[in-house]
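Novice: After the structure tokens below, expect a handful of questions from me.
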Amino acid sequence: MSAYFAPAFFSHLLGKCLRREHPVLEVSKLGFVVLGTFAAVWWPYLYSTNSFLEVLSRLAPFERGIFEDYVANFWCATSILIKWKRLFTTGPLKLISFSATIISCFPSMVQQIKSPSNKGFLYALLNCSLSFYLFSFQVHEKSILLPLLPATMLAMEEPFIFKWFMKFAMLSMFPLICRDGLIVPYFALLALFILVLNTPGRRRVRENNYFYNYLGATTIRLILFCSLILHIVYLTMQAPKKYPFIFEAMIMNLCFSQFVIVTIGCNMKQWMLNKNVKLDEIEKKHI
């Protein structure tokens with residue numbers, strides 16, 4: 001799961017090295033440290049080919065298929081129309097999944113190589129981890145917690161996106177939480193989260209970002225209403241025998257659509273950081 005953040009670290013550190021006085025030397029030093037770390041971590045398993053392959057099989061359980069259960073990522077959401085497991089064997093699916101993941105990470109990585117910054121790095125962590133969640137092979141429902149980490153660090157910068165993403169990240173795990181008998185803790189934490197965000201006297205951050213304006217108040221209310229209805233329906237109604245997982249599929253597709261919107265919006269915001277930097281530089285020159 002650490003691979004979710006690897007492209008962001010790689011691109012940010014590479015971008016920093018390329019801006020040093022001796023970029024080739026700095027990149028070589030970075031490569032030496034990375035390779036040395038890999039060698040130290042893998043050294044105990046290199047005594048035989050079998051042990052090495054055993055570790056790889058546990059890190060990437062390809063035999064389970066491209067997805068399990070109902071996870072709010074691309075492969076599961078589109079499987080309603082495209083039966084990926086029937087159309088492709090595991091080999092081609094691994095290549096397609098790997099290519100889709102790298103391509104979706106690419107814009108965020110390029111931005112950090114061109115203009116590395118602390119704020120851009122946080123956006124890169126969020127965008128790359130979301131790309132892995134949406135497109136990588138064999139994603140678990142709880143993996144959405146990984147993009148939530150950088151989203152939390154950006155909460156003051158993007159308050160609306162953080163709140164929106166948190167709500168649907170929790171909803172995406174709701175079927176799993178119900179199966180584990182954690183309904184009461186789920187609603188208790190959700191209520192606490194909403195209470196903390198709306199505490200009287202808390203310093204308000206004006207919601208003037210593109211994301212909020214693009215969706216609009218009516219659309220936001222409608223989506224939240226759908227989310228509430230899905231909670232109630234999942235807890236109180238029995239799915240028809242012909243479609244036993246219809247409620248899970250509805251929850252998954254709603255969450256997937258919101259994760260895609262968040263990913264596109266945050267990639268746009270990351271690239272907008274370059275414009276802000278250029279404007280600052282122009283203003284300094286005039287001063």
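Cβ coordinates are placed from backbone N, Cα and C, and glycine is handled just like the others.
Got these off TrEMBL a minute ago, pasting:
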TRANSMEM  29-48  transmembrane segment
TRANSMEM  121-139  transmembrane segment
TRANSMEM  183-199  transmembrane segment
TRANSMEM  211-233  transmembrane segment
TRANSMEM  245-266  transmembrane segment
Novice: Restricting to the same chain and to residues at least six past its boundaries, which positions have a Cβ under 8 Å from a Cβ of the transmembrane segment (211-233)?
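Specialist: Distal contacts: 158, 160-161, 164, 167-168, 171, 174, 247, 250-251, 254, 258, 261-262, 265.
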Novice: Let me spell it out: take the transmembrane segment (29-48), skip the flanking residues so only those 6+ beyond its ends count, and list any with a Cβ under 8 Å from a Cβ in it.
Specialist: 13-14, 17, 54-55
